[in-house]
């Protein structure tokens, strides 16, 4: 039986207690992933209605955060043990959990367990799926169809074909001392049985079981483990697992594996290192077993098995025999094994997966960890292991005393759609029911980075059932030119300039047929030279536009007066938006004079409307664009959503029928671009006391094949190159590298985070060079109230110093600095780092005319109000805040106000929902519209002063108003400020790191809604954590993206969040330049995650300080993101020096840094 989120509760009847809690305690933002999180919690409670904290942690993750699948949104408010301000919500109002009210398991299904199992057969157009009922039946089927695939578990999609047969074999536990598992035994059952064994058997007999359990702990969430059957192959091979096989003819079918218990004097460990600790595929994994001669430390057997070092699990047998011969477990054996591993485990420089030196070093590091672990168990050593508690704290301003209970401004009102999101009722674009004659579209894209198109053959596609048509540039009735600067095409014609360039699209009756038809379109190319990386572009002088430049003071004089000058380079990698809802459009032709209605997941209704109208050759007034809500955007749907919308609109125009397209994740990642990678070349001059006197930075961004918003992004980068520091002599330049990659685009922060990371990078090198505490050097260089920036904007209401001092105090910075220094002295292979980082983020669109918005208010005769404004709801709580603004302005309860959608026929010519200004602009427009409404009501109020809102409104007949609001002036209307202090712990042997604690103090003015604002601070921080420490895009030298989905591209998981996470909103700091004294909050906190990056850098510095070869080199390069590979390689030691791989001149690496 399958229970969905709709089956446990709804807003129409009653919410389930889990749905109610996640809704009222602000646990849902965009809401697209909320049903999955609700069902994870619900499942946990169905399995254990009254869970203890220990039991919960075992199923929620080692750091107390819920372990979901790979696609956990980085901006979700998370399920964790928290200490909340009592004003955020009242837990006493929650419904109690009553297990007796849960749906029962259907009795008719229960009866089936006593009925003999029958074969199930599903016939498709091309594939037959068979579920065998007995082993004999399966073997017969396999003999009949030897090429058929056996599918069991299948939690990840791989290559498949032929005639698959699925076999759910039973779990077959045997008596101890060994345990046998059936071939299809789910990992959740394996885990349960091994836990029982560990509890019952003596410790020495369960070494293997504990090793396997440790691997399963990090393998995946309970949902995946309930169907997954993949074993820990390296671990099993090392412990000598037995594999029993039945052979039907020449084909072997694994029936069961047997895991033996241990002998006395036998020790076993398993290790894994991945890009992300939780739910990730290992880069290198291993199992290690040693058996000693009875009663001695003399090695009798040593087995080492590695995964990730070849195309199969490999056993290091020859090495083991070579070093044994009565060896003791001592440093001599350690050195011999490490030298042998370095010699035996080779990887070619172009090995698939890359990270060659890192992977080779891990093989040695893992053995060293095993060596230390066994040493400890023999009573001869100590293994560092530190556990930390769990918790989050929030501090916010309370509403002023005497504020009316009905005035909701400043109160933590839950997101108004959160209950619908928690119950699965919230409608997203693809949830709109299919039209009766609707068609499906699939894009056909280039497989070459730069090439001429020589032919397009659609004959194979035409044979697919349900095929309707193929559309291309030839079908465009208007202009095929599109893009923000008109430098793009709707469909490529004659030439493609990136992998993923849209050439055409197929239109069929179903999405499945569209996918097959798209694969049937055969395109031939004549390849042209391609430019992929920033360095390629610099070498080939390939740029969009001319150089951008900003400067102040006398740079020559500044450098000549400086006591020290440091120069260097730093690279910041790109980032995929990974909104949970991919790009989606439904286009419905209306049949009259070019009219068309589009339902789109976009942040930009105006550009969607104008681009479609331009492509179809009709006036914009014939195109209606509607947006209910979007499942995350982060800037990725500001301009790039139009590449899908224009194609879908053309298909609807050509066929005269509704057409729908929702991109698969791999398509979305390939086609739509992301955050711009940056390369910076810096030179900084400073005095002995750390005071910076001169700075020059050359910024290069990888813009991709078109301009899009790259120039505005670079302009913002140059305006933020100072971060929070006053530099008297400064020069910044920027170039937009024109490459053959998909055009990069807007992303939360819009160039600011890259520029500010560069600023903090050279600032950390200033502190290291001077030998002064980093926080002291940063504080010395901070701006003060009334200072002028390098672009001559005066800093007013400058609250950064308050944020800094509060963060130092609340984080107990100086006491913890001493504790960390002591920890680092006492621990050799684990190091901790601490860093405090400020941010100053300018608020406004860079293009002045975009700083405008509109609001339309309808007041109906029953007193209800329909509010429409120019902003899109994408999880940031914009609609909720707008209703709060209108409620205060009109002095009516929020229950009387409703926002249905955003559309181009209600508020025209809107700016995109971006740049963190949507609350400021739309809020002011809503306020002004409300004031005009109130003025029109004045005569009726005078006639009946004691009347009600409903009575006054009923006398007016009709009351509507459209109002536009604009801002102009300095580059920025005002600045948002914040400070974060973070502590991390790194594993010097593997490059792993743990985020132990973060304290944030954020100035959001007088918050309109502190609960939503805290959620935005948390979400931005975690997304920044992904940018600076985790998320890494890999491209082939030919410009093809390797990382096209959650299996290869890792966003933060729940366990990535700092174990202790405190967010404080600065009190008593009203902002006179925005609605009700509030401030923007969407983008500014993202950069504060750089405190994690620089805490890691601080920890690496401590690790390098113990190495005599590194002591003289205080400065070392650490590019962003600080992945385990970069951390491990920076912690130079005897293992890294053994694993340096030479790269021949003509070697083509697996991936290149773009």
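Think of each number as a place in line: the chain as shown, counted from 1.
Cβ atoms here come from the backbone N, Cα and C positions, even for glycine.
The shown structure was predicted, so the numbers you read here are calculated from the model rather than taken from an experiment.
Taken from TrEMBL, the feature [2Fe-2S] cluster binding site covers 30, 33. A 10 Å cutoff on Cβ-Cβ distances gives residue 30 ([2Fe-2S] cluster binding site) a total of 29 other Cβ atoms nearby, all chains included.
Around the Cβ of residue 150 (FAD binding site), 18 further Cβ atoms fall within 10 Å across all displayed protein chains. Feature annotation from TrEMBL assigns FAD binding site to 150, 151, 152, 153, 154, 155, 156, 157, 219, 272.
Here TrEMBL flags 269-374 as domain 'CO dehydrogenase flavoprotein C-terminal'.
According to TrEMBL, the domain 'Aldehyde oxidase/xanthine dehydrogenase a/b hammerhead' annotation covers 423-529.
A simple way to gauge crowding: the CB of residue 634 (Mo-molybdopterin binding site) has 30 other CB atoms within 10 angstroms, across all the protein chains here. The feature Mo-molybdopterin binding site is assigned by TrEMBL to 603, 634, 748, 915.
Annotation comment: TrEMBL describes 638, 716, 750 as substrate binding site. Neighbour count (other Cβ atoms within 10 Å of the Cβ, all protein chains): 24 for residue 716 (substrate binding site).
Sequence annotations record features per position, and here TrEMBL assigns active site, proton acceptor to 1083.
Separating the Cα atoms of residue 152 (FAD binding site) and residue 1083 (active site, proton acceptor) is a whole-number distance of 44 Å. Calculated from their C-alpha atoms, the gap between residue 638 (substrate binding site) and residue 915 (Mo-molybdopterin binding site) amounts to 10 Å. Residue 634 (Mo-molybdopterin binding site) has 750 as its nearest neighbour among the binding-site residues 33, 716, 750, going by CA to CA distance.
Each of 635, 709, 712, 713, 746, 747, 749, 751, 846, 914, 915 belongs to the same chain as 638, 716, 750, is absent from that list, and has a C-beta within 8 angstroms of the C-beta centroid marking the substrate site. Same-chain residues with CB within 8 A of the center of the 603, 634, 748, 915 CB atoms, the Mo-molybdopterin site residues themselves not counted, are 633, 635, 636, 638, 746, 747, 750, 913, 914, 916, 1082, 1083. Of all the Cβ atoms in the protein chains shown, 28 others lie within 10 Å of the Cβ of residue 1083 (active site, proton acceptor). Counting other Cβ atoms within 10 Å of each Cβ, the binding-site residues 33, 152, 915 show the lowest value at 152. In the shown protein chains, 28 other C-beta atoms lie within 10 A of the C-beta of residue 603 (Mo-molybdopterin binding site). Relative to residue 915 (Mo-molybdopterin binding site), the binding-site residues with Cα atoms inside 10 Å are 750, the candidates having been 30, 33, 150, 219, 750. For the recorded positions 33, 150, 219, 1083, a Cα to Cα distance of within 10 angstroms from residue 750 (substrate binding site) holds for 1083. The subset of recorded positions (30, 219, 1083) lying with their Cα within 10 Å of the Cα of residue 748 (Mo-molybdopterin binding site) consists of 1083, given in sequence order.
Among the binding-site residues 219, 750, the residue whose Cβ has the fewest other Cβ atoms within 10 Å is 219.
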